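Take this structure, written in structure tokens, and hold onto it; I'll ask about it next.
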Amino acid sequence: MDYYFTKGKPQLVNMKTPIYLVTQFQQLMDLMQNQYEVSCLELMQRSGKAACDFLVYRWPKVKKISIFCGRGDNGGQGYVLAQQAKKMGMVPTVWQVGHQMSMSKPPQMHKEVWYEMNSCHQQGIVLHTYSPDIDLGDPELIVDALFGVGLYGHVRPEIALLLQRLQQFTVPILAIEVPTGINASTGEIAGNALAATATITFLCMKLGLLINDGKIYSGEIAFDDLLAPEAIYQQVKGIEESSLLDSSTIFSKKIWYRNKTQKGWQLSIN
């Protein structure tokens, strides 16, 4: 079953959008790769393309976008989005945070992220190494691909300063997976956080997007199941429906859905 959030309470609908903690989400990812043989690279590409699809659907007139990529898998999703955006006629600029372009894989970077970073370079997408004193230009939209669900502990001081800088822009901000600085399980702020206009999340809905600070910082929510088989949600159970129905912390949200049975995005209107 799926959930639309209306007047603060989840209403059951005919799509499956399970709600999970990060540890359960990671189990789903492991199943997708090990049992259903969908590679990490394929999942990264599916999610990056879905993020770009939603961006175009939600903001069809946007042309100049700035994508802030961390060195983890969330950054890899940002690199995929950049490539897709260029194919669709946009002008993407990538800001590399905590790393820089390299012809050899850095020790702490997953090979899939390095592959997508180099694919951007080969396609002529401008890659900038971020520094606090650099001019960020005048983007029409900002993409947050810094950490996703991979943030542990508090946001580092230099990242906190970047988030404050980005928050000063008056353009839409699209977060991939989870806004930077928000705990994907608890919805709490990890020191500092970037408030998104919209957040696109994948495979399952993360509880932290719907409760506490996360319900505000996530903005509108888009969900894409990455073509996951329905059986996977029986293998790893999410949050019990009863616990959601009894919760007073669930916030009325605008949520966009797309799964393998749909060609476009469907909006839950609260």
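Placed from the backbone N, Cα and C atoms, the Cβ positions cover glycine too.
Per Swiss-Prot, the features are:
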BINDING   Asp73, Asn74, Gly75, Gly76, Gln77, Gly148, Val149, Gly150, Leu151, Tyr152, Gly153, His154, Glu177  (6S)-NADPHX binding site
BINDING   Asn74, Asp144, Thr180  K(+) binding site
DOMAIN    25-234  domain 'YjeF N-terminal'
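Relative to the rest of the structure, where do these features sit?
Sequence-distant contacts of Gly75 ((6S)-NADPHX binding site), defined by Cβ-Cβ distance under 8 angstroms and a gap of at least six in the same chain, are Cys69, Gln96, Val97, His99, Val113, Met117, Ala145, Leu146. DSSP assigns Gly75 ((6S)-NADPHX binding site) to a helix.
Classification of Asp144 (K(+) binding site) by DSSP places it within a strand.
Across the domain 'YjeF N-terminal' (25-234), mean pLDDT in this model comes to 93.
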Which of the three DSSP-derived classes (helix, strand, coil) applies to Val149 ((6S)-NADPHX binding site)?
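The residue in question, Val149 ((6S)-NADPHX binding site), is helix (DSSP, three-state).
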Mind giving me a neighbour count for Gly153 ((6S)-NADPHX binding site)? Other Cβ atoms within 10 Å of its Cβ, every protein chain shown.
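Here the count is 7.
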So which of the binding-site residues is most packed in, judged by how many other Cβ atoms lie within 10 Å of its Cβ, out of Val149, Leu151?
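Output for this query is Leu151.
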Neighbourhood of the K(+) site (Asn74, Asp144, Thr180): other residues with Cβ within 8 Å of the Cβ centroid, in order?
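Here the non-site neighbours turn out to be Phe68, Gly70, Gly78, Ala145, Leu146, Phe147, Gly148, Ala175, Ile176, Glu177, Val178, Pro179, Leu194.
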Out of Asn74, Asp144, Thr180, point to the one nearest Leu151 ((6S)-NADPHX binding site) in space (Cα versus Cα); all of them are binding-site residues in the record.
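Smallest Cα separation from Leu151 ((6S)-NADPHX binding site) among Asn74, Asp144, Thr180: Thr180.
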Going by DSSP, is Thr180 (K(+) binding site) sitting in a helix, a strand, or coil?
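DSSP assigns Thr180 (K(+) binding site) to coil.
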